[in-house]
Amino acid sequence: MRRGSGDAAVADAIERSKTTAARNIPQLPDLPLPEDTANLRLGPDLNNELLAVLPLVGVWRGEGEGHDPDTGDYPFGQQIIVSHNGGNYLKWESQTWVLDADGEYVRPDLHETGFWRISGDGIPGSTNEEVVELLLAHSSGIVELFYGQALTQSSWELATDVVIRSTSGVLVGGAKRLYGIVEGGDLAYVEERIIADGELRPHLSARLSRYVG
């Protein structure tokens, strides 16, 4: 890393927050429930059980690269919304869309929604160590349960424990995901997925900038 690049990244993040700090996800009125918020400055306090995944809260937008075993590599755009209402879970929604070689929209692609949860007592070395859970339902007709752990205060590694496919769902194997907050405060991730030959292969990767929070 070049000298001063860290300071520049912090300065960029501060400048960007002047816009993102005032934003939040839209709400419909007249419900007697705590409002969902993707901005830790607004709405209910984050549940103490979720401190291990606190940096994920926000709305993230950017571009990435996907790999299809049949058609090869392709670029995509993505938005991820991570919100909470004070409960002991984070709400997760991710949508991607295929881009052409010029970065223009082509069609919708992947859509998943679910919840991040934390189990265990958080005591290193105990028999009930802290575990990160991610439960996802996909528009492609599959449901997945990931288990993993926080590698640091701003990175998380997970792997599927269960993959359930509906009658009309796509045929896929298990997956591993690695998420992390990287230089400049962006959210980056990679996903590897088991394909027909039984090997884990690169499937998705992206770097997303904070849009809300």
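Yeah, the Cβs are placed from backbone N, Cα and C, and that goes for glycine too.
It is 58-64, from the ranges 16-22, 58-64, 149-155, 198-204, that Swiss-Prot records as motif 'GXWXGXG'. With every protein chain in view, the residue among the binding-site residues Lys176, His203 whose Cβ has the most Cβ partners within 10 Å turns out to be His203. Residue counts for the motif 'GXWXGXG' (58-64) under DSSP (helix as H, G, I; strand as E, B; rest coil) come to 0 helix, 7 strand, 0 coil.
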